[in-house]
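Below is one structure, written out as structure tokens; the observations come after it.
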Amino acid sequence: MDRDFISTARTLSEALPHIQRYADAVVVVKFGGNAMGDDEAMAEFARDIVLMKHVGIHPVVVHGGGPMINELLGKLGIESRFVRGKRVTTRETVEVVEMVLSGLVNKRIVQAINDAGGRAIGISGKDDDMMVCEADDPELGFVGRPIEMNVQIIRDLYLAGLIPVIAPVATGMADNETFNVNGDTAAGAIAGALRADRLLLLTDVAGVKNAEGEVLTQMHPDQVKAMIADGSVSGGMIPKTETALKALEDGVRAVVILDGRVPHASLLELFTEQGAGSLIRSSEPRAKPHGLRQGDRGL
Ligand SMILES: Nc1ncnc2c1ncn2[C@@H]1O[C@H](COP(=O)(O)OP(=O)(O)O)[C@@H](O)[C@H]1O
Ligand SMILES: CC(=O)N[C@@H](CCC(=O)OP(=O)(O)O)C(=O)O
């Protein structure tokens with residue numbers, strides 16, 4: 001028999017204990033605009049999500065789309081500025097943000113998942129008042145900080161066999177208010193409210209790096225806090241690691257920061273012994289099912 005087929009069969013067999021540990025697990029995947037890539041990369045991401053669903057995981061996709069917002073704002077001649085990684089959002093900007101995120105980007109992901117044989121449904125934080133925000137900081141305008149989460153709609157969707165795909169746009173306490181929410185912040189708030197088993201933050205670096213530039217594969221929250229304090233975590237990695245710390249406090253079992261540009265990054269993390277990226281967790285994993293060895297990432 002062709003050796004390649006034997007190795008494919010072995011790979012599938014080796015995935016069994018990992019598939020077993022994630023039975024019924026809730027995995028929130030943040031898919032950032034920079035990780036999205038071309039149509040082929042989008043199709044691969046969609047296949048990974050559909051595969052997760054088929055082996056009994058409940059994947060929940062929360063997406064960004066910063067570069068796509070920049071593109072349309074540019075065409076419209078509207079300038080935007082970022083303060084501490086967040087877009088200063090005027091009333092005019094927030095309309096464009098909602099058009100791009102809830103329209104173009106959300107439907108592109110929904111369509112890719114459906115093309116891969118899944119049943120995706122696209123919503124934003126506005127649907128069923130899922131995510132209610134207040135202004136994060138007066139300097140940022142219509143940028144929202146989640147203050148109330150109503151995630152039953154997400155559970156209803158995944159229990160009905162659907163894959164929720166969520167745009168980080170939210171409603172406020174006042175009528176007719178729209179907030180632009182940073183994609184990482186939204187994913188963390190959703191994962192926290194769901195007490196998710198995993199929050200995967202797909203980005204454009206291999207993981208959290210130390211001062212020597214090495215990716216740290218397993219981290220305790222105290223280590224992350226120390227790295228933020230001593231400046232070895234900086235720029236866009238600050239909101240990402242802060243989101244991770246908050247999500248863990250809210251009851252997410254573990255957060256993984258990994259490179260979304262690597263083909264099948266999520267599958268590598270979930271279904272192989274070595275995993276991918278930086279896994280941040282405060283407690284020891286739960287009892288390991290048969291077949292997992294010491295040192296595995298556990299659940
Ligand atoms: N310690 C660190 N480890 C890894 N990346 C870091 C670190 N400190 C700063 N960064 C920067 O953070 C960036 C990731 O944040 P960002 O660009 O906002 O991601 P995304 O667009 O996917 O949300 C990396 O590309 C890197 O330049
Ligand atoms: C408040 C804020 O900054 N919102 C982001 C929302 C999109 C996002 O987060 O996109 P990425 O994940 O691709 O960066 C923005 O306007 O760009």
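Positions of Cβ are set from backbone N, Cα and C atoms, glycine also.
What TrEMBL records for this protein:
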BINDING   G65, G66, R87, N180  substrate binding site
DOMAIN    26-258  domain 'Aspartate/glutamate/uridylate kinase'
SITE      K30  site 'Transition state stabilizer'
SITE      K240  site 'Transition state stabilizer'
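The structure, with features from TrEMBL marked on it.
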{"residue": "K30", "record": "site 'Transition state stabilizer'", "Cβ contacts under 8 Å, 6 or more apart": "V62, H63, G64, G183, D184, A187, L199, L200, L201, L202"}
{"residue": "G65", "record": "substrate binding site", "Cβ contacts under 8 Å, 6 or more apart": "G33, M36, V100, L101, L104, V105, A167, G183"}
{"residue": "G66", "record": "substrate binding site", "Cβ contacts under 8 Å, 6 or more apart": "G32, G33, N34, R87, G183"}
{"residue": "N180", "record": "substrate binding site", "Cβ contacts under 8 Å, 6 or more apart": "R87, T89, T93, V94, V97, E98, F142, V143, G144, P168, V169"}
{"residue": "K240", "record": "site 'Transition state stabilizer'", "Cβ contacts under 8 Å, 6 or more apart": "D184, L201, T203, I257"}
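Here the Cβ of R87 (substrate binding site) has 22 other Cβ atoms within 10 Å, regardless of which shown protein chain they belong to. G65 (substrate binding site) falls outside any helix or strand according to DSSP and counts as coil.
When secondary structure is read from DSSP and collapsed to three states, K240 (site 'Transition state stabilizer') falls in the helix class.
Sitting within 8 Å of the Cβ centre of G65, G66, R87, N180, and not among those site residues for substrate, are the Cβ atoms of G33, G64, I69, V97, V100, L101, P168, N182, G183. The substrate-binding residues named in the record, G65, G66, R87, N180, extend over a maximum Cα to Cα distance of 12 Å. In the three-state DSSP reading, R87 (substrate binding site) counts as strand. Across the domain 'Aspartate/glutamate/uridylate kinase' (26-258), mean pLDDT in this model comes to 95.
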